[in-house]
Each structure stands twice: as C-alpha cells, then as structure tokens.
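According to Swiss-Prot, the transmembrane segment annotation covers 6-26, 37-57, 74-94, 110-130, 134-154, 170-190, 209-229, 262-282, 288-308, 312-332, on the basis of sequence analysis. The domain 'EamA' annotation in Swiss-Prot covers 46-154.
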C-alpha cells in the first residue's frame with residue numbers, strides 16, 4: 001500500500017472522529033448548562049499544541065538522516081505560507097464562532113443538515129480558486145449529498161429545542177449557514193495557499209500550516225472571550241482559575257468534574273477534525289475534504305438521535321441513503337479515474353522509440 005493511501009486513510013479516520021464527535025461534545029456542553037459562545041469556539045482550535053509532538057518526531061527523523069555537518073530547521077514553513085496560515089486561521093476563528101452560536105440554538109441534526117451546504121460552496125469556490133475539475137461522478141456525488149441535506153431540511157420543522165423562541169432558532173439557522181459558507185471558502189483557500197507558497201508541500205509542512213492556523217484562530221477566539229467577559233481574572237490564560245468558567249463548571253448538570261472532562265475532550269476531538277481536514281487537502285484536494293465532511297454528516301445525525309434522543313424521521317433515513325450513495329459514487333469515480341490514468345501511462349510507455357535524423 002502506498003504511503004499516500006495510508007495518509008488518506010489516517011486523515012479520513014481523524015476527520016470522522018472530529019466531524020462526528022465534535023458537534024456531539026458541544027451539544028453536551030450546551031444541553032447541560034453551558035452558556036458561553038466564544039469559549040466553545042476557543043475549544044475547537046486550542047488543542048493545536050498536540051501537533052507539536054508529531055512535528056518533533058519528524059524533526060528528529062530528519063536530523064538523524066542528515067550528515068553530521070548538515071543542519072535542519074525545526075520549522076520548514078517559509079514566510080509566504082506562514083502569512084497565509086495566519087490569514088486562514090483568522091477566518092477559521094470567526095467560522096468557529098458562527099458554528100458555536102448556531103449549535104447553541106439548534107439541534108445537532110439540524111446543524112448537520114445546514115453544514116451539508118458547505119459542499120456546494122466548496123465546489124463553487126474550488127472551481128474558481130483552484131480550477132478544480134468536475135467529473136460526472138463528482139457532480140453526481142455533490143447532487144446526491146446536497147439532495148440529502150435538502151431532504152433533511154424539509155423534515156426539520158419539529159426539531160426546535162425546548163424553551164427556544166422562533167427568533168433564536170432563525171438566528172441560529174442563519175449563523176450555521178454562514179459557517180457553512182465560510183468553511184466552503186476556507187477549504188479551497190488552504191489548497192490555493194499550498195499551490196502559491198513556492199514550497200514543495202509535505203505532510204510535515206501541512207501539519208505546520210495546521211498548527212499556525214489553529215493558533216491564529218485560537219487568538220481570535222481568545223480576544224472574543226475577553227470582549228464577551230468570559231474572563232474575570234488578571235491573567236486570561238489561566239482557564240481553570242477563571243471565575244466565569246469555574247462558576248459554569250459548578251452549575252454544570254453532569255457535575256463539575258465532568259464539565260472539565262467535556263471541555264478537554266472537546267478540544268482534542270476538534271483538533272482531530274482539523275488535522276484530518278487539512279491532511280485530506282494535502283493528500284487529495286479541498287473538494288475531497290468537503291465531500292468527506294458532507295458524507296459523515298448523516299452519521300452525526302444518527303449519533304445525535306442515539307445520544308440526545310433527537311427525532312429520527314423518515315426524511316433523515318432517506319438523507320442517510322443519499323449520503324452513502326453519493327460517497328460511493330465519488331470514490332468509484334476516483335477509482336475509475338486512477339485506472340484510466342494508469343492505462344494511459346502504460347500505453348505511452350509501450351510506444352516504440354525511434355531515432356529521427358534530420
């Protein structure tokens with residue numbers, strides 16, 4: 001099995017864990033007394049220091065392979081890519097806020113169906129920004145996955161949360177749709193940053209990009225927390241000594257200890273999502289990453305039904321079938337495309353070589 005295939009599988013696993021587990025952890029936070037918006041936004045990217053460990057291993061491996069007189073820098077990222085990572089990170093910070101705001105007022109299943117729209121946005125932006133080519137299988141997958149989202153939308157009228165006003169629901173819906181639009185722009189922007197960086201993008205470099213991106217997004221959310229009054233201590237970075245957060249922990253319905261368990265695992269799980277999403281852009285393309293996100297959304301819906309007793313209507317079953325069909329269609333198209341490319345390469349290699357004398 002080729003290393004690239006292994007990386008695709010690993011990143012798909014990370015993406016599945018983060019894409020399915022992240023919204024559930026945030027719903028657990030809001031359902032049991034969590035009231036902050038910027039704080040869960042902050043948790044989505046604050047786990048970025050975890051990326052330091054694979055980067056350290058990569059550095060040690062590079063240094064071991066070099067001769068004694070040669071040196072290797074710890075970070076391979078050059079200024080253009082570093083600046084691009086910061087810009088993308090700022091957008092991710094605001095996207096996190098939009099998504100957290102929406103999830104505070106709408107069920108996970110409803111949020112998932114709205115986020116499905118990001119696939120269409122990703123395809124549109126990828127077409128103009130990185131000249132992403134569409135095959136019939138890709139178009140079929142997009143239509144099926146988008147159709148699944150539409151079916152869910154038509155069956156979400158009874159999904160309002162308890163004690164929720166119509167205004168809160170509408171605002172939550174709009175904010176989540178905005179998150180889908182912005183994320184649909186972010187994925188091709190990352191791919192464009194790779195192409196315009198002037199560097200050969202390796203998986204190590206993709207991880208460095210991810211760490212800088214998440215750090216910038218975390219800073220945005222940290223400023224938002226300060227502005228929203230989420231900190232009541234002199235040194236804002238001491239999360240666990242924060243009077244606002246500590247008070248929320250004491251009032252958490254599952255208990256103070258489980259409150260901290262929830263926020264720690266929320267940070268870890270969301271970091272898995274970002275590593276998987278950015279990794280898939282490196283291994284394949286932004287459109288592949290977007291399709292995988294959309295393909296996993298019905299799984300999130302089913303988990304929400306199981307964990308939070310959200311209603312599972314017939315429309316959600318139809319959406320799940322359409323999503324699976326779309327995913328199979330896309331991957332089948334990828335296999336056929338690779339087979340066609342290999343066949344063409346084989347034909348070219350078998351052409352007779354003749355000497356031409358002028």
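Backbone N, Cα and C define each Cβ position, glycine as well.
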Handout entry: Ranked first among 6-26, 74-94, 134-154, 209-229 for CB pairs under 8 angstroms with the transmembrane segment (37-57)
Key = 209-229
Problem - Leading contact stretch, 6-26, 74-94, 134-154, 170-190, 209-229 vs the transmembrane segment (312-332) - CB distance under 8 Å - result: 134-154
Handout entry: Residue numbers, six or more beyond the limits of the transmembrane segment (6-26), whose CB comes under 8 Å of its CB atoms
Key = 40, 44, 100, 103, 108, 111-112, 203, 262, 265-266, 269-277, 279-280, 282-284, 289, 292-293, 296-297, 299-300, 303-304, 307-308
Exercise for the section: Would you kindly check 74-94, 170-190, 209-229, 262-282, 288-308 and say which stretch has the most C-beta pairs under 8 angstroms to the transmembrane segment (134-154)? Expected result: 288-308
Fill in the blank from the handout: Per DSSP, the domain 'EamA' (46-154) contains 84 helix, 0 strand, 25 coil
Exercise for the section: With a Cβ cut-off under 8 Å, give me the same-chain residues at least six positions beyond the ends of the transmembrane segment (170-190) that come close to it. Expected result: 88, 91-92, 94-95, 98-99, 101-106, 110-111, 114-122, 124-126, 129-130, 132, 209, 213, 277-278, 281, 286-287, 289-290
Exercise for the section: Over the domain 'EamA' (46-154), work out the mean pLDDT and round it to an integer. Expected result: 84
Problem - Sequence-remote partners of the transmembrane segment (74-94) [C-beta within less than 8 Å, at least six residues beyond its ends] - result: 41, 45, 55, 59, 182, 185-186, 189-190, 193-194, 196-199, 202, 204-205, 208-209, 212-221, 224
Exercise for the section: Six or more residues out from either end of the transmembrane segment (110-130), which same-chain residues have a Cβ under 8 Å from its Cβ atoms? Expected result: 23, 99, 102-103, 138, 142, 145-146, 148-149, 152-153, 156, 159, 173, 176-177, 179-181, 183-185, 187-189, 191-192, 195, 285-287, 289-291, 293-294, 297-298, 300-301, 304, 319
Problem - Within-chain partners of the transmembrane segment (262-282) [C-beta distance under 8 Å, separation at least 6 from its ends] - result: 7-8, 10-19, 21-22, 25-26, 28-29, 32, 39-40, 43-48, 50-51, 187, 190-191, 194, 201, 203, 206-207, 209-210, 213-214, 252, 254, 288-289, 292-293
